[in-house]
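According to Swiss-Prot, the protein has these features:
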- 78-83, 112-116, 136-137, Lys149, Lys158, 176-179: NAD(+) binding site (BINDING)
- Glu191, His254, His271: Zn(2+) binding site (BINDING)
Amino acid sequence: MNAIESIEVALDTLPENRSYSIHIGQGLLSRMDLLLPHLPGKKAAIVTNTTIAPLYLEKLRSALAEHHVETFAITLPDGERYKHWETLNLIFDALLEHRCERRTPLIALGGGVIGDLTGFAAATYLRGVPFIQIPTTLLAQVDSSVGGKTGINHPLGKNMIGAFYQPQLVLTDSATLTTLPDRELRAGIAEIIKYGLIYDADFFDWLEQHMNSLLARDPAAVNYAIRRSCEIKAEIVSLDERESGLRALLNLGHTFGHAIENAMGYGAWLHGEAVAAGTLMAADLSRRLQRITSQEVDRIRYLFENTGLPVKGPRISPERYLESMQLDKKVKEGAIRFILLDSIGKASPGDTVPTPLLLETLSACVADA
């Protein structure tokens, strides 16, 4: 039996204990001993998409059927551009059609979009039903499946409508990454690099040394990167579940990145690609504020380049960037706040910056026409 590594997300504050486990390993889709304790009845809804369903849906359903768990599938279109109200209503339609009750768990089988949609549906259907994450993309495994952020996009901004709603379990089968396209693998690595930048300089060093192994999908390297990323996120979420302070660090590069996604149209840039370019913008801004050195910016740029990720944003007008960033969830009293680096391995939350410096960064960090 393959080894399993487990991480606890500690959320044991009153009035209820909402702590849960993240299990990481190869072949976990077949490990019903991990999943069944979180299925209170003999019925479950599996939410997935048209890409993942042919690969893993029947494997999961068959394993559950062997234990007399009745399932039905809700198969949604694939892509960030479908993360909206109309798709969410498809989930509600199916839940109502199948007479799902408050004890009927929703299982998210897919990437970040499926996890966000399923989690938001679980948070709101009958005012809350059980929710389990089975992430199948690297980005979802290291980031979006952990921490309880759920929601949908609005034409004016990304993730503007949603809820904090924690899963009961995260089951991460790293074997699903064998079918992940290279572009999506690289996008997930962008979020892994983020963890080293904001919280763990040694992890950043490790990534510099082992990036080729990650890109080659070496199982030991992949499992370590997933585990360390989840450890960092679990620690941060346990200390600040609702992003009142420390958790904001996880948004390094996201203020710029969300502006890129919104301006270019959801799906044109993968989330991790936008975060990569946005992180270089945040690093450039940090250097202009004399928080980090040019040498540190060069190290960051080289690691993203070595991963095959964009290090410059698309050529959008500064006005368009600023307009999109004004809708960022960290805006306070009309002022855009940025997560900035103090060094590799340390970041600071919620800083405003002088507009002239911001414009300099936007000018320097976009691709040539």
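Backbone N, Cα and C atoms are what each Cβ position is placed from, and that goes for glycine too.
Locations of recorded Swiss-Prot features on the structure.
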| residue | record | DSSP (3 states) |
| --- | --- | --- |
| Asp78 | NAD(+) binding site | coil |
| Gly112 | NAD(+) binding site | helix |
| Thr137 | NAD(+) binding site | coil |
| Thr176 | NAD(+) binding site | helix |
| Glu191 | Zn(2+) binding site | helix |
| His254 | Zn(2+) binding site | helix |
| His271 | Zn(2+) binding site | helix |
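Note: His271 (Zn(2+) binding site) has non-local neighbours Glu80, Gly112, Leu139, Ala187, Gly257, Glu261, i.e. same-chain residues 6+ apart with C-beta under 8 A of its own C-beta. Cβ crowding, taken as the number of other Cβ atoms within 10 Å, peaks at His254 among the binding-site residues Arg81, His254. Cβ neighbour counts within 10 Å, taken over all protein chains shown, single out Thr137 as the most crowded of the binding-site residues Thr137, Thr176, Thr179.
Under a cutoff of 8 A between CB atoms, and with a sequence separation of 6+ in the same chain, the neighbours of Asp78 (NAD(+) binding site) are Asn49, Thr50, Thr51, Ile52, Val113.
Shown in sequence order, Leu139, Asp143, Ala190, Lys194, Gly253, Gly257, Gly272, Ala274, Val275, Gly278 are the same-chain residues outside Glu191, His254, His271 whose Cβ sits within 8 Å of the Cβ centre of the Zn(2+) site. Counted over every protein chain shown, other Cβ atoms within 10 Å are most numerous around Gly115 among the binding-site residues Gly112, Gly115.
In this structure the alpha carbons, written CA, of Gly115 (NAD(+) binding site) and Glu191 (Zn(2+) binding site) are 16 Å apart. The two recorded residues, Thr179 (NAD(+) binding site) and Glu191 (Zn(2+) binding site), have Cα atoms 19 Å apart. For Glu191 (Zn(2+) binding site), applying a Cβ distance below 8 Å and a minimum sequence separation of six or more within one chain yields Leu139, Val142, Asp143, Ser229, Gly272, Val275.
Between the CA atoms of Arg81 (NAD(+) binding site) and His254 (Zn(2+) binding site) there is a gap of 18 Å, rounded to the nearest whole number. His254 (Zn(2+) binding site) sits 19 Å from Thr137 (NAD(+) binding site), taking the Cα positions as reference.
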